[in-house]
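Read the structure below first, then the notes.
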Amino acid sequence: MSFSATLIPSFFHQNRNGRSAGIANLRGLSAWIEKGNLQWSGRRGRSEVFRSASASLSVEVTAKDGMLMERIGSLSQVAAVLGCQWGDEGKGKLVDILAEHFDVVARCQGGANAGHTIYNSEGKKFALHLVPSGILNEETLCVIGNGVVVHLPGLFKEIDGLEANGVSCGGRIVVSDRAHLLFDFHQVVDGLREVELSNSFIGTTKRGIGPCYSSKVIRNGIRVGDLRNMDTFSEKLDILLRDAASRFPGFEYNKDMLKQEVEKYKRFADRLEPFITDTVNYMNQCITEKKKILVEGGQATMLDIDFGTYPFVTSSSPSAGGICTGLGIAPRSLGDLIGVVKAYATRVGSGPFPTEMLGKDGDILREAGMEFGTTTGRPRRCGWLDIVALRYSCVINGFSSLNLTKLDVLSDLPEIQLGVCYKSITGEKIPSFPADLQVLEQIKVEYESLPGWNCDICSIRNYKDLPINARRYVERIEELTGVPVHYIGVGPGRDALIYK
């Protein structure tokens, strides 16, 4: 149907002929319906039809868009997307889809060790590490909160790459003045520490995250706001570099290095100045003004410094508690928490992995799921979905719903296993996810077998059209965790998502 330009609301994409080219903002459409500007007038095929009072505007909403409207409309003012496992669950895709219906997308923890892969409407791939995934949506403001550690060369490289591909970043990214700066020497120290640990190395991304958080905790770190006082910046950096040299014999430090770093960061300070903001004040203003905020979690609960498989964890708090400390907002502000979980399990680096599939079986899953790290390129360890760990993650975070990703990767398997119970070497049931690494290394996993569906599901967009065995798999996960699955990923594309 053809519309005049004045009649097309902001929730439509518009092509050259003035025709609607698809709904762009379902939140805007929902608002029009709620205000009575559009009223339901019947069904056409599998679509719902809405018309304006004068009948000058008619909108068809597909079943999928209708479900998305319902899901988006029911989300709280402040919602979050967090990882349930050991990272790499596919959080960026859901954040990117939801972001156009939110005013703000914020990162609260971690640094460039978290890689999120997203796709624009033309299918172009973007690998983001510091910039929030909402950057592809023109109306969304992206916040890098105080809990994030910021490597400025990496941030500028990311911004330059986005700008080169037509994504405008000016005025759309703000960086907390309280966020800590991650320097190149932090990355050097990260590598030296891994060598020092030898056989017991943690398997970090060597992005300097741990050393930077260490600087923060021992209170000699340097924050983004310090770039506004270059007179004292040199002194603070000198203290930081001297400390690193005293702890790591392989790290060489001299005055020439200090001079070069100071000159470099003077240039960085000039470029970063337009981005620097008191994000704590900004976020709370947004809450007061009823703006919708989506928090994008990096990494995942099983890598949490407190709740993960310590010491094989990250140095921050990527679970729900880290939202408040990483953004400076009150716990009562938080609403819906969406946990993202793969239909199977993966892990990068060292550490316990109870349901890991070794040998050929693990290789098959790795190749089918293209399981190689966004940040490091390292092959990921693969295994069956661990319900014990997932249930533990759900309890810690209080997830209101789950996003099950990569269900399509399991399509060719004749049988699928779910790790439903841990037992000790003596055969006793272990009631919860254990903190003791020795116990984790010795446990026996009890599996539940479910039949596969042996067909391609990548083109399916409605839940009821999934094969019955695929639906049984989804529903069994819901039963075992007690958390509903509202989003199901069936392929890498932005559109390959089922709303349940």
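Each Cβ is built from the backbone N, Cα and C atoms, and glycine gets one as well.
What TrEMBL records for Asp88 is active site, proton acceptor. Around Asp88 (active site, proton acceptor), taking its Cβ as the centre, 27 other Cβ atoms fall within 10 Å, counting all chains. Secondary structure at Asp88 (active site, proton acceptor), taken from DSSP and collapsed to helix, strand or coil, is coil.
If you look up TrEMBL, you'll see His116 marked as active site, proton donor. The number of other Cβ atoms within 10 Å of the Cβ belonging to His116 (active site, proton donor), over all protein chains shown, comes to 25.
As annotated by TrEMBL, active site applies to Lys216. In the three-state DSSP reading, Lys216 (active site) counts as helix.
Residues or ranges marked as GTP binding site in TrEMBL: 87-93, 115-117, Arg380, 406-408, 489-491. The local packing around Leu407 (GTP binding site), expressed as other Cβ atoms within 10 Å of its Cβ over all shown chains, amounts to 25.
Feature annotation from TrEMBL assigns Mg(2+) binding site to Asp88, Gly115.
DSSP assigns His116 (active site, proton donor) to a strand in the three-state reduction. Marked as IMP binding site by TrEMBL: Asp88, Glu89, Gly90, Lys91, Asn113, Ala114, Gly115, His116, Thr205, Arg219, Gln299, Thr314, Arg378.
Less than 8 angstroms from the CB of Arg380 (substrate binding site) sit Asp88, Thr346, Arg347, Val348, Arg366, Glu371, Phe372, Gly373, each of them six or more residues away in the same chain. Classification of Arg380 (substrate binding site) by DSSP places it in coil, neither helical nor stranded. The substrate binding site feature in TrEMBL is assigned to Thr374, Thr375, Thr376, Gly377, Arg378, Pro379, Arg380.
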- Message: I'd like to know which of these binding-site residues, Gly115, Pro379, is least surrounded, judged by other CB atoms within 10 A.
- Response: Pro379
- Item | Pairwise Cα distance for Gly87 (GTP binding site)/Gly377 (substrate binding site) [Å, integer] | 14
- Counting other C-beta atoms within 10 angstroms, the emptiest spot among the binding-site residues Asn113, Thr117, Gln299 is Thr117
- Query: Near His116 (active site, proton donor), which of the recorded positions Lys93, Lys216, Gly377, Pro379, Leu407, Val490 can be found within 10 Å, Cα to Cα?
  - Reply: Lys93
- Message: Please identify, from the recorded positions Lys93, Lys216, Arg378, the residue with the sparsest Cβ neighbourhood, meaning fewest other Cβ atoms within 10 angstroms.
- Response: Arg378
- Query: Relative to the Cα of Gln299 (IMP binding site), which of the binding-site residues Lys93, Thr117, Leu407 have a Cα no more than 10 Å away?
  - Reply: none
- Item | Per-residue Cβ crowding (10 Å cut-off), top of binding-site residues Gly87, Gly90, Gly377 | Gly87
- Query: If you measure Pro379 (substrate binding site) to Lys93 (GTP binding site) at Cα, how many Å is it?
  - Reply: 21
